Amino acid sequence: MILDTYTYVFAIGSIFALLEAYNNGANDVANAWATSVSSRSVTYRQAMVLCTIFEMTGALAVGARTASTIKNGIIPSSAFGTNAGVQLLAFACSSAGAAIWVMWCTRNSAHVSSTYSLVSSIAGVGVAAVGASKVQWGWSGGTGLGAIFAGLCMAPFISACFGAIIFMLIKVTVHMRKNPLPWAVWTSPVFFLIAGTICSLSIVYKGSPRLGLDKKAPWYIASVSLGTGFGLAILAALFFVPYVHCKVVKKDHSLKIWMIVKGPLLFKRPAPENSDELQAKVPNYAVVQEPLEEDSDSGSGKPHKSTGSDEIQPVAISPERDQEKGPIGLSTEYSYLQYQQLLRDATERHHAKLRKTKGALGWAMRTLHANQLGAGSIHETHNLITAVKRIPAMVVVAFLYGTHYDIHTAQVGIHNSPEGRRMERVYSYAAKYPNEVEHLYSYVQVITACTASFAHGANDVGNAVGVWAGMYAAWSTGNPAASKAEVPLWQLGVTAAAICIGFITYGYNIMKVMGNKLTYHSPSRGSSMEMGAAITILIFSQYALPVSTSMCITGATVGVGLCNGTFKAVNWKRVGLLFFSWVMTVPIAGLIGGCLMALAVNTPHW
């Protein structure tokens with residue numbers, strides 16, 4: 001029996017549930033892809049395409065498993081008795097509380113955990129709706145708040161261990177060799193093996209009930225997972241190894257990407273006559289680079305010309321900027337106001353570049369630039385007319401601005417600023433490996449990034465869809481949602497789509513500040529970070545424990561950074577700020593959700 005009386009509650013709750021999923025993509029997914037984009041293993045647009053494919057696949061194949069924990073593990077359905085309307089309202093307020101908090105954080109480029117925002121909001125709503133005694137504060141068979149918040153410490157530590165182990169394997173096998181390039185070429189199939197095995201294992205081990213894989217025997221799970229991994233490794237040995245051998249060892253500049261299909265025949269391809277004098281045609285993966293005029297897309301085979309770490313690059317300021325202290329164009333010590341002006345100048349340069357482009361976004365940016373609000377209040381006639389003219393352009397910008405955002409040049413860096421000096425120190429403790437070696441791991445990092453995205457879809461879509469599925473079940477049946485109720489496939493698909501849209505349209509707001517702020521990044525390091533995080537997420541997902549992707553990738557990043565052999569290779573202040581934001585998420589999101597529920601459930605009615 002449909003609760004027609006509460007249809008408006010379900011509609012409003014659905015909006016907030018999808019907004020929460022959107023923010024999940026803009027915050028968590030953006031952080032998951034930040035290592036790949038910042039290291040230039042993939043471009044931002046390539047990351048958008050790959051994210052869409054693998055987030056959807058992970059969500060539809062595995063994603064429903066953690067939904068029951070979010071839906072009933074924190075507030076048991078029995079706590080609502082037979083009052084499905086209160087449960088519907090509780091889930092709606094939970095989504096609203098998490099969505100409001102994460103949206104505010106994303107708008108202000110603050111990196112938080114969408115998972116723990118939602119969990120905290122549900123706990124706050126539970127206290128307001130059914131009382132603190134009914135909320136599952138303990139372990140509760142692995143589904144209570146005790147089990148969930150145990151991941152606050154467990155997940156980063158486990159990710160750090162996995163990430164460090166994988167990078168040390170690369171470091172000992174390749175980077176520490178006198179001639180690391182051949183070792184990098186010939187051992188690359190091993191890392192394709194790891195990526196393929198983990199990705200397939202996530203589907204088969206306690207696999208998707210929709211595929212009937214959760215009833216298979218252990219030998220079946222092991223054979224399929226390892227078979228997939230070894231199959232990918234064999235393909236890499238047959239096609240990838242000959243291609244990169246020809247590209248980085250023989251230094252063949254005439255090699256094209258489509259020639260990879262020739263496989264072993266590429267070994268017979270003669271090397272250029274002057275190969276000893278040539279450098280391999282690969283991008284420059286160094287974080288700190290000299291700023292040049294134009295940027296080039298990664299994957300083009302050309303060295304990159306953009307600054308790798310804008311955090312420590314000097315930026316010129318006009319002498320007129322500071323009238324009190326005199327000319328400052330020759331100085332790199334900037335005040336807070338001057339630094340903020342630099343950020344505004346960088347944004348304006350980016351917008352000026354977009355206005356010169358063709359297409360819908362270029363038109364929209366030119367329209368907004370030509371129709372700026374004039375003097376007086378918004379209700380002045382000329383401002384009202386201008387505002388109406390701006391509406392179509394603002395809609396276009398909202399959808400397309402993120403797809404054209406320049407992540408690298410947006411990360412303005414101030415030489416000699418406190419953070420700039422701190423990052424210089426951090427980078428000085430990290431070994432810099434040859435671009436030819438790092439180039440091989442840029443391909444591996446594509447696999448690891450896709451695996452991490454698959455893992456995020458498997459875990460976080462269950463978190464995002466859990467409350468929405470609970471709302472739908474309570475509204476459509478008139479009974480409190482049961483813990484074993486199946487999550488409709490269409491809800492999984494819509495939620496995953498909202499996550500992808502969030503990453504595509506607004507993920508730049510997090511990616512522009514994450515970059516290389518924790519430690520020195522490179523493709524070999526980034527692939528280790530992403531694989532360590534992916535393994536951790538998949539393990540937690542298999543046991544129905546919601547875990548934060550943000551915490552996993554952060555833990556893996558710190559673990560890989562420590563592999564440089566010193567604590568000084570990690571920006572501990574940034575790590576501390578991230579941990580502080582995670583901790584503050586718990587009371588703030590809980591208060592927002594709880595206050596909304598208290599106001600709604602106690603509102604006077606007819």
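Yeah, the Cβs are placed from backbone N, Cα and C, and that goes for glycine too.
Copied over from TrEMBL, here are the features:
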type     : residues : note
REGION   : 291-326  : region 'Disordered'
TRANSMEM : 6-23     : transmembrane segment
TRANSMEM : 44-64    : transmembrane segment
TRANSMEM : 84-104   : transmembrane segment
TRANSMEM : 116-139  : transmembrane segment
TRANSMEM : 145-169  : transmembrane segment
TRANSMEM : 181-205  : transmembrane segment
TRANSMEM : 217-241  : transmembrane segment
TRANSMEM : 489-511  : transmembrane segment
TRANSMEM : 531-563  : transmembrane segment
TRANSMEM : 575-601  : transmembrane segment
Contact between the transmembrane segment (116-139) and the transmembrane segment (575-601) (3 or more Cβ pairs under 8 Å, separation 6+): yes
Recorded stretches the transmembrane segment (84-104) and the transmembrane segment (575-601) touching, at least 3 CB pairs under 8 Å: yes
Interface check, the transmembrane segment (44-64) with the transmembrane segment (489-511), three or more C-beta pairs under 8 A: yes
Considering the transmembrane segment (6-23), which listed stretch of 217-241, 489-511, 531-563, 575-601 counts the most C-beta pairs under 8 Å: 489-511
Leading contact stretch, 145-169, 181-205, 217-241, 575-601 vs the transmembrane segment (531-563) - CB distance under 8 Å: 145-169
Chain residues outside the transmembrane segment (217-241) and at least six past its termini with a C-beta under 8 angstroms from it: 185-186, 188-190, 192-201, 204-205, 207, 260-261, 263-264, 443
Residues of the parent chain within Cβ reach of the transmembrane segment (145-169), under 8 Å, 6 or more residues beyond its termini: 69, 73-74, 116, 119, 123, 135-139, 194, 524-525, 527-529, 531-533, 535-536, 539-540, 545-548, 551-560, 562-563, 582, 586
